[in-house]
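Annotation source TrEMBL lists ATP binding site at B:110, B:150, B:155-161, B:185-188, B:193, B:216, B:272-273. The domain 'ATP-grasp' annotation in TrEMBL covers B:114-302.
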């Protein structure tokens, strides 16, 4: 449909695909702005269902449920990038879908994402598309070992990838990883990982939050520390690259960009991946920014003016994974802002919440 | 019932009496802490019903509905001080009621409140109880004119009071104000009004937010500015008095204390009134404190450790009354955090939302 450019009136309803913690935090932010949220999720136990009475429990490929949902909301957004293309197409035909379907198409396919980034002269790790075992052998010859073989779709938190360290790893990894095609990424000797959460409004305004320095454990984000310990020039460069990406995508909403920082006397950046949504490494914004990433996303997709991403204090965000959540409430102190997602069962590896801790200088 | 002292586990349910903006903001804060909220309100159109699926629509004197409600929650709190005593008694017999019934009894009766404050050597404006016209004439003779005649109950935002400027005002005002008894307050030549939002935890810990300087229009709060333009000694004294009050009440939760600041070379304070709940003049905390007044109240009544009330920036909160709300979204800028209450109709005098504006130094 033709994209309306008028801002949504207070009292309008945001449709959110996905009922996890990101959808929940988006709904909380929408409520603060006087906007309602309608959560669409197949799982009847979704955490986001606790923060709004408006919900649809249905499969993402249920065309009739999608149509009814679209009829009850004023704009549609999502908390995860793996929204099926057919779902996006149905919804985008009925209501504004923000961010748009092109951002989904690119970010849910590693190969499309790298091709897009490279086409905009954004530095990425060297890569080769792998359709066949023959392709893989050629890619290994070109990029060397170690290298990482990844599925192009549905990979997250370390799932869907194998590290190839020696030639004898190649055939097993190719057989194990499904579905094909795959992509082989050359090894990047990075010193640290940072990320930038950037927003673009319906009017084209772009605002980036400060870069966070990220530490992972078991392939899951463990901490985000802000400010990142990187030279000011590198931080500015990261923000600039993030802005290039949202402009190139004609993007509306918040987008997360993960970077590798390569060391040496003159550190350089490579984009690891992008996520067309609010991002775990941006949860610190809730504690120390007048406008946090969730409100910024809602402002953007509602066609409202973007808020100021300026940071008021230094902060460390720590994910609470599985039993980590038992630190709340007994183990929190005054300098800590806990945020729990309302999940009943603390399974190992499950993101149960996070804490933001102010760092006093 | 005997007061349990163990903290509520994440996933517990807070019962909130009242479905207005304060209940709504309490429910949003509870959600961030992984706690559910169940809103009890007679009005089916309550703003707080938009932010949780758990609600009871029933009168405050519906004993059976109150019992069912109590059975579904783990602690009960309220967004307004005029909870009927019988309601408080039923609920307190079934679940922890925080703040307790004594805070309600005192704060919903101006005379009881002043008597309590005076008994703790807290300075208040001179006052006299007025049962009869004879009492009133005697009170006017004692306190002089001008003076303010007020109902002892159900007064807020300038309702239930008359200014007596001349002897001929006395009889009409006595006849107009109902129900009796009334209280006559001597005129206080104050220079400004400030307020302190203070919290006391279940473990007795007390934390006060910085004082706000308040400006009213048409008897409704217009702006709260922080920091208040008062000497540091006066601010410390206000915080100390607020702490005396919550300790004397054996209070659990957030309490708002309004003060008159009397001028001269050595400014002094008088307590105007107290409110046993989150307070309009504390809405600024959401923008610039790691723990805002809503989260602080939930932490306290849940038996969780209190958060740090430290302020990260200077701020002005402005209420959006009636059509003021039309400033959102077109008229907001980046330095502004709008918070709307989801009310459909912007009637004159109705609190529709507020904005917090950062003041850059």
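Placement of Cβ uses the backbone N, Cα and C atoms for every residue, glycine included.
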B:110, B:159 as binding-site residues, winner by CB count within 10 A: B:110
Those residues of the chain, 6+ apart, with a Cβ under 8 Å from that of residue B:188 (ATP binding site): B:125, B:260, B:262, B:270
For residue B:188 (ATP binding site), the three-state class that DSSP assigns: coil
Model confidence over the domain 'ATP-grasp' (B:114-302) (mean pLDDT, whole number): 94
Close in space, distant in sequence - residue B:185 (ATP binding site), Cβ under 8 Å, 6 or more apart: B:125, B:126, B:127, B:143, B:147, B:148, B:149, B:150
